[in-house]
Amino acid sequence: MSRAANRRPGLSAGQLAAATASPLLSLLLLLACCADACRGTPISPQRLPPEQELQLWNEIPEACASFLSVDSQPQASVALRKLCRVLMEIFQKPQEQTEKDNAKRFLFHYSKTQKLGNSNVVSSVVHPLLQLVPQLHERRMKRYKVNEYQGPVAPSGGFFLFRPRNGKRSTSFI
């Protein structure tokens with residue numbers, strides 16, 4: 001038998017390549033036409049009510065925890081175990097973040113001075129120099145009260161009525 005007899009009658013090598021490329025080209029053309037219409041992830045038209053969605057999100061960590069705790073499931077795939085571990089990490093991260101936020105709020109709240117009645121009780125978290133602020137304020141208020149009693153013409157606190165500005169001296173005021 002010759003080689004020509006072993007060949008399938010009907011399609012030559014060029015025709016066979018063109019026949020297999022034709023569906024591929026038509027598929028690519030179809031995808032190119034539809035690419036502009038798809039601009040995001042598909043959204044399910046049947047959304048769950050918020051209560052059921054919250055319940056589902058609460059059940060996921062419980063199911064993963066029970067799945068990972070049971071060692072009697074050797075037939076479970078490694079990929080499924082990894083998925084459960086990733087989900088458990090995702091659900092634990094927001095809890096850790098809220099714990100950090102609560103600690104920051106606690107420290108900020110108790111770093112302020114606490115006033116009980118007439119006495120000022122300063123927390124030990126406050127910087128020692130910040131404890132001097134009330135004393136400085138009291139000194140300034142005393143100085144202000146002393147300056148009130150002195151008249152505007154009389155020298156008070158080292159200032160006089162017509163003082164030179166910007167280093168300039170006026171002969172009429174000396």
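Any Cβ shown, glycine's included, is placed from N, Cα and C.
Taking ASN102, ASN166 one by one, Swiss-Prot attaches asparagine amide to ASN166. Considering MET88, MET141, the record held by Swiss-Prot lists MET141, annotated as methionine sulfoxide. Every protein chain shown contributes to the tally, and the Cβ of MET141 (methionine sulfoxide) ends up with 10 other Cβ atoms within 10 Å.
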